[in-house]
Amino acid sequence: MEENDHSNRDVERQDSGDESNRAILPLLQAPGNVLPHRITNFYIDNILRPDFGRRKEGSRRDEINIVERENRCPSAPGSGQVAPVSGEGTSSPRAVNASKKTDISTDESLKSRAETGDQCLSSDSDCSQRCAAQAKQPMLWPAWVYCTRYSDRPSSGPRSRKPKKKTPTKEDKRPRTAFTAEQLQRLKNEFQNNRYLTEQRRQALAQELGLNESQIKIWFQNKRAKIKKATGNKNTLAVHLMAQGLYNHATVTKDDKSDSD
């Protein structure tokens, strides 16, 4: 009788140990069952995409499903309970049942791993399909293009380079005005009277000589520049500043140097 009582107590202790081990197994999973860390590609092409940094809804759902399945099947391969031997060469029927349960749990964990692998493959194919669809769509400018460095108005988008102007040819240049002798004599007389034309005087000359106002204005400007260059007279303000030692931009020609030598 006493031996039977001892055997019953051993079986009860074994059952309680199995239950406690099953409760601890989800916390102490094998390193092979840990969810694989998703590697992010930090290439320039990926960073410049408009959807860079956004979490995809499909990947989040897959992670949740994987966690739920791991919780349902916490046991890992190789973590089966070894049935204790209660005698020399004999084992109880409950120990055999425990070993069968561990085998079933390992099969279920392998199936769950296969399913998760299929899900990973399907998610990769979905990702490739999305990338192909995005490539067909018109390109969306990323947010960094609209910063103040590229434009004062963020809504205007990136600046576009203005096309360079073509090199001016001889045909594009304004042709020189060929004044007649009468026109030149009249312009010289007006210049001797006053070197600067008023608007009314310029309009009257244009009507009398049959010229444009711009032609008469340019002739007077060129005439003043030639006289200033020929005489070499300095401006009164320049003379005043030179007296104070604040302005002296006089240049010495080679002829002057040779004479001084």
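Even glycines carry a Cβ here, placed using N, Cα and C.
As recorded in Swiss-Prot, the features of this protein are as follows:
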type	residues	note
REGION	1-24	region 'Disordered'
COMPBIAS	1-21	compositional bias 'Basic and acidic residues'
REGION	53-125	region 'Disordered'
COMPBIAS	53-72	compositional bias 'Basic and acidic residues'
COMPBIAS	100-116	compositional bias 'Basic and acidic residues'
REGION	152-176	region 'Disordered'
DNA_BIND	172-231	DNA-binding region
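DSSP states for the DNA-binding region (172-231), grouped as helix (H, G, I), strand (E, B) and coil, give 43 helix, 0 strand, 17 coil. In the predicted model, residues of the DNA-binding region (172-231) average a pLDDT of 86.
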